[in-house]
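Only one structure is covered here, and it is reproduced in the block below.
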Amino acid sequence: MNLKEKTRALFAEIFGYPATHTIQAPGRVNLIGEHTDYNDGFVLPCAIDYQTVISCAPRDDRTVRVIAADYDNQVDEFSLDAPIVTHDSQQWSNYVRGVVKHLQQRNNAFGGVDMVISGNVPQGAGLSSSASLEVAVGTVFQQLYHLPLDGAQIALNGQEAENQFVGCNCGIMDQLISALGKKDHALLIDCRTLGAKAVSMPKGVAVVIINSNFKRTLVGSEYNTRREQCETGARFFQQPALRDVSLEAFNAVASELDPVVAKRVRHVLSENARTVEAASALEKGDLQRMGQLMAESHASMRDDFEITVPQIDTLVDIVKATIGDQGGVRMTGGGFGGCVVALIPEDLVPAVRQAVAQQYEAKTGIKETFYVCKPSQGAGQC
């Protein structure tokens, strides 16, 4: 039973009537462009075929009822006419409540909803299960009540909910790719303008995601420290964001900066340049150049931004040794664990799977999880 069938069946069973709509929003993997989004820079993610699915129907009153199928059918119920506050014990509820609260501030021309939520985006892996949930919930209200909101606005609404209601200082990329993803393409996103350019993926290339299963937490962690260091760097150059600083300007005065801040700034500036070049390499089908750029990105995250861990570096080394220059591999996501992403010819997938299975656990004591993904369509009805 797929997620659509599962949520529709559960909806009918619990609520006693059929759902009118089923909405999906995908998770994502970022191919290159890490920690550039909140610096107004460029990112190159693609949506993946793992998603949050919500079967839903409008109500004729002002109540929102939510069932979380993946949490033993836990229930949340709240009124649109009372102030929406955080839930004491159900963290998943706060993503739903936050999205609805911020939607009310944008356009409150909507009423109650019944919904059943389920998803298969791996949680805590850096594949944006939370953004997928936020975009799915926003799309539910937009579709059921014909709200005049486009994908970018639904994405921004989700980001606001996560920043202000949930309390995690994320950038815009995760929500934007979930809302705007295009099948068989990556998106080069300008995080300042929110402009997105579809970049076709070469034929016969697999997007492989390997979860290190080294546990990471983002909320309240090193992520916010990195963000502050980047803001310190932008202030030093008297610019609104690091996006506005050139590598030449940085190199001329790097020695005047705090050494740690200088490393963080160098990563962001070089990563922005790599990301723009990667989009054109991908479009030309130049997997060799893409691989070089991904390798440089990983080294920069490891040495300048200092967000990798030994388990992740081990995974990258195993994959790189297997594929050589036929594709690329790097850490993806916020850092401190999580996943690596590899772009490799489909016929090399079995060899990579085997090499990782034979070596990773032996070296780290942790068993990996291996996903082969397809670049997928963004949020909408399914």
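Heads up, the Cβ atoms here are built off N, Cα and C, so glycines get one too.
The substrate site recorded in Swiss-Prot comprises Glu34, His35, Thr36, Asp37 together with one of Tyr95, Tyr145, Tyr223, namely Tyr223. Within 10 Å of Gly126 (ATP binding site), counting CA to CA, the binding-site residues His35, Thr36, Tyr223 contribute nothing.
Between the alpha carbons (Cα) of Asp37 (substrate binding site) and Asp174 (active site, proton acceptor) lies a span of roughly 9 Å. Residues Gly27, Val121, Pro122, Gln123, Gly333, Gly338 surround the recorded ATP site, their Cβ atoms falling within 8 Å of the Cβ centroid of Gly124, Ala125, Gly126, Leu127, Ser128, Ser129, Ser130, which are themselves excluded.
Most Cβ neighbours within 10 Å, among the binding-site residues Ala125, Leu127: Leu127 holds that distinction in the structure as shown.
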